[in-house]
Structure formats: C-alpha cells, structure tokens
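S.K.: Sharing a structure below in structure tokens format, with a few things to ask.
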Amino acid sequence: MNMTLTSPQRAENIDGKAAARRLLAEVAAECRAFVDQGHHPTLAVVLVGDDPASQVYVRNKLRTAEEVGIRSLEYRFPANLSESELLATLDKLNLDPLVNGILVQLPLPRHINEQAILRAIDPLKDVDGFHPENVGGLVHGQAVLTPCTPAGCLRLLQDYCGDLSGKHAVVVGRSNIVGKPMAALLLKAHCSVTTLHSRSQDAAALAAQADILIAAVGQPEMIDASWIKPGAVVIDVGINRVTRANGSSRLVGDVDAASVSTVAAALTPVPGGVGPMTIACLMQNTLQATRLQTASAVLSHCG
Ligand SMILES: Nc1nc2c(c(=O)[nH]1)N[C@@H](CN(C=O)c1ccc(C(=O)N[C@@H](CCC(=O)O)C(=O)O)cc1)CN2
C-alpha cells in the first residue's frame with residue numbers, strides 16, 4: 001500500500017506585528033502633520049495599582065506613543081486610590097485643552113466602580129471607545145471612537161480576507177471591551193454574526209460553521225480543531241500567562257494553536273498577533289480624537 005504521508009495543512013500566520021508597523025507608519029506621518037500645524041497630539045494614560053500585566057501594557061502604550069510622535073502623560077496611582085480622587089483626575093484631563101486622548105487601564109481595583117469611571121471620560125477623548133455614547137454610536141454604525149482590540153482584529157481580517165460582506169463570523173466571548181464591540185464591527189462590515197457563550201452545549205458545533213472565528217473567551221487554549229470549519233480564518237484575542245511544569249511561564253491564546261493550525265486557513269499568533277494591533281489602533285484613535293477636537297475648535301472659532 002502506497003502510504004504517502006503528507007504533512008497536515010499548516011495555517012498561514014497572520015502577522016500582527018507587521019500589520020501594526022504599517023498602521024503606525026501612517027499614524028506617525030499624520031502626527032508629524034499635526035505637529036507642523038502647531039497641534040501636538042497628547043495621550044493621557046492612567047494606571048491604578050500594580051497589576052504586572054497592566055504595567056506591561058501601559059509601558060507598551062507609552063513607548064509606542066513616543067515612537068510615533070504622540071506626547072504621552074502618565075498618571076500612576078496606588079491601588080488604594082479612592083474613586084472620587086480618580087474622578088477628580090479625569091475631570092482635570094477632560095478640561096485640559098492640551099490633552100486629546102484619555103485612557104484608564106483596566107482592570108481597576110475592585111473598590112472602584114469601573115462603569116462610573118468610564119462614563120466620566122469625555123466621549124470625544126475616550127480613545128478606548130468604552131464610553132456608552134461611543135458604544136451606542138458603534139452599534140448605530142456611526143463613525144465614533146472604537147475599542148482598540150476589536151478595531152485591530154477587523155483590520156487584520158480585512159487585510160487578509162479583503163471584503164468581509166456575506167461572511168459568517170462567530171465571536172466566542174461577550175465582554176464589553178472585546179466580544180460585544182467585535183460583533184458590532186463585524187455587522188457593520190456586512191458579516192452574518194453569531195455570538196457564543198463559550199459554555200453553551202452546542203458552542204463548538206455552531207462555531208464550526210463559521211468562515212471567521214474570533215476567540216475572546218479568556219480560557220487558555222480552549223478552542224481546538226473541533227471548533228473550526230476547515231479553511232476558516234481564526235483571530236486569537238486571548239492573552240493568558242500559563243506556567244510550565246518546570247516553573248517557567250509562557251503566553252498562550254484562547255486557541256490551541258497546534259490543533260487549530262491543522263484545519264484553519266490562517267491564524268494569529270500569541271504573542272505577535274492581536275496585541276500589537278491593539279496598541280496601534282490606540283494610537284490611531286488618539287489621532288482621530290485630535291482631528292475631531294481641532295476641527296470643532298476651528299468651527300467654534302469661526303462662530
Ligand atoms: N483601558 C484598557 N484596558 C485594557 C485593554 C484596553 O484596550 N484598554 N485591553 C486589555 C489589555 N491590553 C490593552 O490594554 C493589551 C493586551 C496585550 C497587548 C500586547 O501588546 N500583547 C503582546 C504581548 C505583551 C506581553 O508580553 O505580555 C502580544 O500579544 O504580542 C497590548 C495591550 C485589557 N485592559
């Protein structure tokens with residue numbers, strides 16, 4: 001019997017780092033134009049507490065802002081900061097005409113009401129797109145500031161697939177910062193969208209009907225080949241730090257990459273996929289906020 005062993009199909013790697021570099025080059029060029037006109041785009045980053053992962057992400061944001069020419073202001077507070085003190089800081093940043101974008105790194109300490117904080121940021125400076133006004137605008141298909149991770153995922157999909165019209169997309173996960181806005185963005189891109197609760201009984205069977213799968217469930221390596229239609233495109237939003245038997249730790253996504261890459265057409269790596277695009281889209285949002293504010297300043301000056 002002639003057994004020709006062929007290696008299983010390997011999914012193409014969707015390079016988030018390269019895509020982020022392309023977007024950041026566009027942002028840096030537009031930022032230089034703003035500076036030449038006398039407007040230096042400025043991003044205020046607020047970190048409360050000492051969560052190690054949050055410190056990494058804030059460091060990445062500040063470093064990238066400097067790289068593209070965005071001025072960054074860093075506000076670090078101890079974990080015992082009161083909600084009222086944080087609100088007072090946001091009031092000052094909202095009123096500061098030199099500050100174009102404001103973000104509060106999540107999660108916040110448990111004693112602080114996250115929704116109250118997110119609602120306190122001026123929607124025009126809300127570069128995370130988490131304010132209810134921006135969420136509502138997104139659902140209504142308006143051009144508003146959009147959460148960075150879903151925006152980055154959409155850009156990766158459009159780079160790889162082109163027009164998404166008519167594609168069936170499944171989003172596994174329903175968080176306010178990824179799952180829900182991701183579904184809204186895919187609807188706006190004319191996809192048919194199914195949002196799944198990861199623990200529903202038929203989740204894997206439903207997911208395996210999709211052309212596109214977005215894994216944003218927060219469970220390390222949960223999504224395996226049984227969730228994937230052969231030839232589907234998979235975007236792994238997960239960022240989970242797991243510890244090996246020898247005590248060392250590594251980052252994995254929500255997708256079992258070894259399993260899924262034997263059936264998927266393409267897959268984003270973790271790290272090096274969605275994460276860098278999150279940062280790049282934050283920079284793009286900061287320029288969009290600057291654009292909106294300088295335009296409204298000109299209009300109000302003209303009366
Ligand atoms: N205010 C916000 N808080 C949080 C957000 C957000 O969009 N706004 N999203 C996540 C964390 N996040 C951004 O803050 C984020 C996560 C991961 C990365 C990233 O660059 N990941 C790298 C690996 C980084 C590492 O070495 O750990 C990668 O995937 O290649 C950027 C931003 C929750 N909080």
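Using N, Cα and C of the backbone, Cβ positions are placed for all residues, glycine too.
Note that the structure is predicted; figures quoted are calculated from it, not measured.
Among the features that TrEMBL reports, NADP(+) binding site is placed at Gly173, Arg174, Ser175, Ile239. Feature annotation from TrEMBL assigns domain 'Tetrahydrofolate dehydrogenase/cyclohydrolase catalytic' to 14-128. Among the features that TrEMBL reports, domain 'Tetrahydrofolate dehydrogenase/cyclohydrolase NAD(P)-binding' is placed at 147-292.
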S.K.: So if I take the binding-site residues (Gly173, Arg174, Ser175) and measure from each Cβ to the nearest atom of ligand 1, which come out below 6 Å?
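M.R.: The binding-site residues passing the 6 Å Cβ test: none.
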S.K.: Are there residues of the same chain, six or more positions away from Ser175 (NADP(+) binding site), whose CB falls under 8 angstroms from its CB, and which are they?
M.R.: Ala216, Gly218
S.K.: With the NADP(+) site defined by the record as Gly173, Arg174, Ser175, Ile239, how many Å span the farthest pair of C-alpha atoms?
M.R.: 16
S.K.: Looking only at Cβ atoms, how many others are within 10 Å of the one on Ile239 (NADP(+) binding site)?
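M.R.: Other Cβ atoms within 10 Å of Ile239 (NADP(+) binding site): 21.
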S.K.: What are the non-local neighbours of Arg174 (NADP(+) binding site), defined as same-chain residues 6+ apart in sequence with CB under 8 A from its CB?
M.R.: Lys180, Thr195, His197
S.K.: Under a criterion of Cβ-Cβ distance under 8 Å and sequence separation of at least 6, what residues of the same chain contact Gly173 (NADP(+) binding site)?
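M.R.: For Gly173 (NADP(+) binding site), the qualifying residues are Gly179, Leu196, Ser198, Ile214, Ala215, Ala216, Val217, Gly218, Val237, Asp254.
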S.K.: For the domain 'Tetrahydrofolate dehydrogenase/cyclohydrolase NAD(P)-binding' (147-292), how many residues does DSSP put in helix, in strand and in coil?
M.R.: 55 helix, 30 strand, 61 coil
